[in-house]
Amino acid sequence: MAIRVKNLNFFYGSSQTLFDINLEAEEGDTVVLLGPSGAGKSTLIRTLNLLEVPKSGELSIANNEFNLSNAMANPKAIQQLRQDVGMVFQQYHLWPHLTVIENLIEAPMKVRGVSENEAKTDAMELLKRLRLEQLADRFPLHLSGGQQQRVAIARALMMKPQVLLFDEPTAALDPEITAQVVDIIKELQETGITQVIVTHEVNVAQKVATKVVYMEQGKIVEMGSADCFENPKTEQFKHYLSH
């Protein structure tokens with residue numbers, strides 16, 4: 001099992017925003033988190049590599065296990081978690097003062113101890129795969145939103161994660177670039193990596209999901225295979241899909 005979440009509860013201050021979350025994903029699954037704004041999708045995905053720290057529950061992901069009531073007690077374990085579980089943010093978070101290739105090689109050299117030559121070789125292979133090799137020496141400022149998003153995906157893949165998390169990867173991208181990101185997610189499926197994707201775009205979800213998690217108000221309302229799109233089991237999900 002690549003991901004197992006058990007009885008996860010999350011609070012912002014005194015306000016509870018995730019309630020008793022339970023979910024599992026097999027290796028190679030592409031799990032899509034759907035739901036209206038405020039459902040808790042982005043909070044949930046950020047708990048999967050402890051960017052947000054739950055109050056209670058259990059998390060097992062990419063062979064890292066945490067009792068969430070004291071998850072921050074072991075900084076080394078968290079560092080390992082973040083090597084094994086990559087994250088692609090909605091806002092890209094590229095370092096503006098570094099070129100594309102420098103953005104890619106920074107973490108592998110500092111965190112994994114990879115040599116500069118090896119890191120650059122890996123980076124150029126990834127950039128070719130994502131059709132970005134001609135941008136290697138450009139700065140993020142000179143890239144389009146779609147190019148920045150693909151560079152952000154490449155940067156996350158440089159750490160060779162077992163699980164990759166995407167928070168709204170196609171938000172604010174035009175249809176052509178959205179299609180490119182969908183193609184990348186499909187290509188990654190063939191490598192066996194496990195992916196978790198937050199999106200509000202049902203058509204994107206339908207193209208990539210092997211597993212669907214529908215949320216409202218911090219709770220999982222429906223969970224199942226991609227068949228859920230054709231045969232939703234709950235009125236809430238049926239209503240969501242009809243809009």
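Note: Cβ is positioned from N, Cα and C throughout, glycine not excepted.
Database features (Swiss-Prot):
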| type | residues | note |
| --- | --- | --- |
| DOMAIN | 3-242 | domain 'ABC transporter' |
| BINDING | G35, P36, S37, G38, A39, G40, K41, S42 | ATP binding site |
Cβ-centroid neighbourhood (8 Å) of the ATP site, G35, P36, S37, G38, A39, G40, K41, S42 excluded:
M215, E216
Neighbourhood of A39 (ATP binding site), C-beta criterion under 8 angstroms, separation at least six:
M215, E216, Q217, G218
Any idea which of the binding-site residues G35, P36, G40 has the thinnest Cβ neighbourhood at 10 Å?
P36
Select the most exposed residue of S37, S42, where exposure means the fewest other Cβ atoms within 10 Å, treating these as the binding-site residues.
S37
Near K41 (ATP binding site), which residues of its own chain have a C-beta under 8 A away, given they sit six or more steps off in sequence?
L33, L34, G35, V198, M215
Mean of the pLDDT scores, which run from 0 to 100, over the domain 'ABC transporter' (3-242):
94
Taking the Cβ of G38 (ATP binding site) as the centre, how many other Cβ atoms fall within a 10 Å radius?
13
